[in-house]
Amino acid sequence: MANFTFGDLALDVARMGGLASTPSGLRSTGLTTPGLSPTGLVTSDFNDSYGLTGQFINGSHSSRSRDNASANDTSATNMTDDRYWSLTVYSHEHLVLTSVILGLFVLCCIIGNCFVIAAVMLERSLHNVANYLILSLAVADLMVAVLVMPLSVVSEISKVWFLHSEVCDMWISVDVLCCTASILHLVAIAMDRYWAVTSIDYIRRRSARRILLMIMVVWIVALFISIPPLFGWRDPNNDPDKTGTCIISQDKGYTIFSTVGAFYLPMLVMMIIYIRIWLVARSRIRKDKFQMTKARLKTEETTLVASPKTEYSVVSDCNGCNSPDSTTEKKKRRAPFKSYGCSPRPERKKNRAKKLPENANGVNSNSSSSERLKQIQIETAEAFANGCAEEASIAMLERQCNNGKKISSNDTPYSRTREKLELKRERKAARTLAIITGAFLICWLPFFIIALIGPFVDPEGIPPFARSFVLWLGYFNSLLNPIIYTIFSPEFRSAFQKILFGKYRRGHR
């Protein structure tokens, strides 16, 4: 503040550095600190998030009057103009470690989002309207890292807001603006993906104008949520010049408005959209699988006839499916087809498959079914011994037994591979959506729970460490976004590799 003395600031710095934690330590620095009573030294941690005054020893309090009032003036009438100071005395190692960790965090966030922006601008394959949303998201997260996080680091280390209240108001508004814009961009991306999945014509109709309109709406809504405290919608008791802390407005009405608009409503929309995307993707994958199976069955019917008047049969023996007391039943399946000019040997009118060996349970094994399939293919091929190019192939044999069981020998390597691929696609879609929604909820849900209940509960019930942790956990989402929304794209991965190895040169893109 403008009325700080050098001794005041030196005292704060000394306490932060662990140089002076007792009155004797202060005297050893040779600094005089007007307005500080030795018996009124603060001993408790500073409640950095909500401006709580510390506890005082010997029953007296220390104060710095903004109008340079006398140090002996401790009357209650001046307490509203006093600024209470209470700094947690950390060791030098603790401060250095905290500074390094948070500094690296901010640096990684800046680098990650700069990579995304550079990739979209430099890589030709990424020059499409769908990536405009990714680009705008990276800009919002970069603003969080550049404009918001550095002051958060300073506040986290010092535990005191040293700047003017006007700077605090602007910083809080920018914080809410950028974080809200980042969250709303995730909703816009989810909507774009949902329309692309459910609407056949959306990809064709998705123009730059449409995407830019979505981006504009995102920033306007974020601005609408962030600026009300600048126009008076705030808690009048939350003055940084009095409390020594800079926090978002604790007005109950604004708290509900901002948390619902910035998180809870977007979260609900995202959850609904991604659940529907997953259902549509799963339905489409299974539908494609069914259509492929149906088409394959049509082309792989058991058909062994060389001319319209000549028929061949495949006999399927069901002895193995019945219990030992059951009667043996044989069923024949006939399916005529044309011979394409071939004449089979008259003596091969009927082709009978040999009975399959049975396992201990009386049911034929899969390996036996495969052997039987090969045997029938050989026999039917021999039926065209006059040199016909068409080779009959039996790819599907079913045995319907008395007990209602159906055994299929359609266990070819091709079908197994296709089933594995379809299952892999479905699992990948579910995993991708789970990562996106899970990261969003893990990062932001704890912060907004505390932010919503904060004005309605006793502030002492929420530890300052918990407030700091959930705040930086929310900031962590700005570091994860450039990873989550690009790592699944081969184009982005290729662009990142080119950037890392300096393959982008002037005139070569």
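Every residue gets a Cβ built from N, Cα and C, even glycine.
In the three-state DSSP scheme, Cys246 (disulfide bond) is classed as coil. Neighbour count (other Cβ atoms within 10 Å of the Cβ, all protein chains): 24 for Cys246 (disulfide bond). What Swiss-Prot lists as disulfide bond is Cys168-Cys246, and the listing cites sequence analysis.
What Swiss-Prot lists as N-linked glycosylation site is Asn3 (among others), and the listing cites sequence analysis.
Residues or ranges marked as N-linked glycosylation site in Swiss-Prot (evidence: sequence analysis): Asn47 (among others).
Marked as N-linked glycosylation site by Swiss-Prot: Asn58 (among others).
Feature annotation from Swiss-Prot assigns N-linked glycosylation site to Asn68 (among others); the stated evidence is sequence analysis.
Sequence annotations record features per position, and here Swiss-Prot assigns N-linked glycosylation site to Asn72 (among others).
Marked as N-linked glycosylation site by Swiss-Prot on the basis of sequence analysis: Asn78 (among others).
Annotation comment: Swiss-Prot describes 323-372 as region 'Disordered'.
What Swiss-Prot records for 1-99 (among others) is topological domain 'Extracellular'.
For 123-132 (among others), the entry in Swiss-Prot reads topological domain 'Cytoplasmic'. The average per-residue pLDDT of the prediction over the topological domain 'Cytoplasmic' (123-132) is 89, rounded to a whole number.
According to Swiss-Prot, the topological domain 'Extracellular' annotation covers 155-169 (among others), on the basis of similarity to another entry.
Swiss-Prot lists 192-210 (among others) with the feature topological domain 'Cytoplasmic'. Tertiary neighbourhood of the topological domain 'Cytoplasmic' (192-210): same-chain residues 129-130, 132-133, 273, 276-277, 280-281, selected by CB-CB distance under 8 Å and a gap of 6+ residues from either end.
Feature annotation from Swiss-Prot assigns topological domain 'Extracellular' to 234-259 (among others).
According to Swiss-Prot, the feature topological domain 'Cytoplasmic' maps to 282-432 (among others).
According to Swiss-Prot, the topological domain 'Extracellular' annotation covers 457-465 (among others), on the basis of similarity to another entry.
For 489-509 (among others), the entry in Swiss-Prot reads topological domain 'Cytoplasmic'.
For the topological domain 'Extracellular' (155-169), DSSP puts the residue distribution at 9 helix, 0 strand, 6 coil.
Of the two recorded stretches, the transmembrane segment (211-233) lies close to the transmembrane segment (133-154), with three or more CB pairs under 8 Å once pairs fewer than 6 apart in sequence are set aside. Break the topological domain 'Cytoplasmic' (192-210) down by DSSP state and the numbers are 14 helix, 0 strand, 5 coil. Here the Cβ of Cys168 (disulfide bond) has 21 other Cβ atoms within 10 Å, regardless of which shown protein chain they belong to. Remote same-chain partners of the transmembrane segment (466-488), defined as residues 6 or more beyond its termini with a Cβ less than 8 Å from a stretch Cβ, comprise 48-50, 102, 105, 108-109, 112-113, 115-116, 119, 134, 137-138, 140-141, 144-145, 148-149, 152, 156, 179, 182, 186, 189, 432, 435-436, 439-440, 442-444, 446-447, 449-450, 496. For the transmembrane segment (100-122), same-chain residues at least 6 beyond its ends with a Cβ under 8 Å from one of its own Cβ atoms are 131, 134-135, 138-139, 141-142, 144-146, 149-150, 152-153, 156-157, 472, 475-476, 478-479, 481-483, 486, 492, 495-496, 498-499, 504, 509.
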